[in-house]
Amino acid sequence: MTDMAESESDVSTDVSALPMLSHSVSYTSIQKPPFVVSVIGSGNWGTTVAKIIAENTRENPLLFEQKVRMWVYEEEFEGSNLSDIINTEHVNKKYLPGIKLPDNLVAVPDLLEAVQHSNILIFNIPHQHLEKILSQLRGNIDPRARAISCLKGLRVNLDGVELLPDIIQDALGIHCGVLAGANLAQEVAEQRFSETTVGYPLPADYKPGDVDHTVLYTLFHRPYFHVHVIEDIAGISCAGALKNIIAISVGFVEGLEWGDNAKAAMLRRGLLEMIKFGRKFFPGCLVSSFTEESAGVADLFTTCTGGRNFKLAKIMAQTGKSAHEVEKEILNGQSAQGLITAKEIHELIKNKGCEEEFPLFETTYQILFHGVRIGILPYMLENKWSISKPNYSS
């Protein structure tokens, strides 16, 4: 969401009017310099997270260096460099227009300069650019640094599934957690109340004074942005990726006007398959991460009531057009993430021989890529449909 949403003061919670509740933390007993924080990425969500962090570092000078550097992929906007606009006007006019940014948030177009001396790195870039960024950072960061990934998704191949925080950790040799939740960037930037989940198990080499749950809570929590810190990275990561497949199935139901009961059925079944997938491929992940956290059921609900995956599927159902045709019309040829994830998950579960364990995922894939008619969805919910059944595309 890069367009400025209209103000709805009559219905939104004016959190800025609430009394500020101090959550500053004193680490005076620990003889170490304050943590230096850098944000890698400056899109609308990247800038929003950087705004939150800069507000909190300014309020907690004993714990954090106040200045927060945000790496900006340099581009020209309205005749000026985007980094110059951010640093002089304190607004990201291209990706978060109309939102005033703290003056201690500094845009830096040079990646290595942006992360120099930092010991907390926040990754917030499109996941397709992650490998390139990691290759530039390798060998150029503090080896004792910690990281948080705000990227949603998984890396799926025929052999298995990799978590994006694990990819960051393996590439850079630093411990990495994850942040995710029902967090529409514009609403958070406008300081409308929302919640998020941080997944961060303490590293094996943890020592007193290191980044811990209290540090991360203090770094991200605001009166309008409530944070719950847990240890389950896998559950949060799986939920963040798989929700997009379910949003497509709910979009199909919406497009056919089957009603709220049918949408509820898709949400229920989708949540169960998310949990089953997480437990199957990451046995240590917790059911509660899906059912109790903002990164789980709350993010699923938000994604299934709007967003590009939901809209694409709704138009497919209304018009009979293919996913590829609708993509070209509403996304200018770009891919909806749910299409990519549906294909990757299908290939994985087919290779593992467990398609029938995930009938909603599998049926959604067959509708998207093989012309199976959407009307098969209720039959699928009885878990009787599989790719060995008769052809239902006619």
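Note that the numbers count up from 1, one per residue, in the order the chain is shown.
Note: Cβ is positioned from N, Cα and C throughout, glycine not excepted.
Per TrEMBL, the feature domain 'Glycerol-3-phosphate dehydrogenase NAD-dependent N-terminal' maps to 37-200. On the 0 to 100 pLDDT scale, the domain 'Glycerol-3-phosphate dehydrogenase NAD-dependent N-terminal' (37-200) averages 96 in this prediction.
If you look up TrEMBL, you'll see GLY41, SER42, GLY43, ASN44, TRP45, GLY46, ALA185, ARG308, GLN337 marked as NAD(+) binding site. In sequence order, GLY153, ASN244, ARG308, ASN309 are the residues of the chain that are 6 or more apart from GLN337 (NAD(+) binding site) and have a CB within less than 8 Å of its CB.
Among the features that TrEMBL reports, substrate binding site is placed at LYS152, ARG308, ASN309. Counted within 10 Å of its Cβ, the other Cβ atoms near ARG308 (substrate binding site) come to 20, all protein chains included.
Residues annotated as domain 'Glycerol-3-phosphate dehydrogenase NAD-dependent C-terminal' in TrEMBL: 232-373.
For LYS243 (active site, proton acceptor), applying a Cβ distance below 8 Å and a minimum sequence separation of six or more within one chain yields GLY270, MET274, ASP299, LEU300, THR303, CYS304. Feature annotation from TrEMBL assigns active site, proton acceptor to LYS243.
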Integer Å value for the Cα distance linking LYS152 (substrate binding site) with GLY43 (NAD(+) binding site) is 14
Ordered by sequence, the long-range same-chain Cβ contacts of TRP45 (NAD(+) binding site) under 8 Å (at least 6 apart) are ASN124, CYS150, ASN183, ALA185
Same chain, |i - j| six or more, Cβ under 8 Å of GLY43 (NAD(+) binding site); the result in sequence order is TYR95, ASN124, ILE125, PRO126
LYS152, ARG308, ASN309 bind substrate per the record; greatest CA separation between any two, in Å, is 15
What DSSP reports for the domain 'Glycerol-3-phosphate dehydrogenase NAD-dependent C-terminal' (232-373) is 110 helix, 0 strand, 32 coil
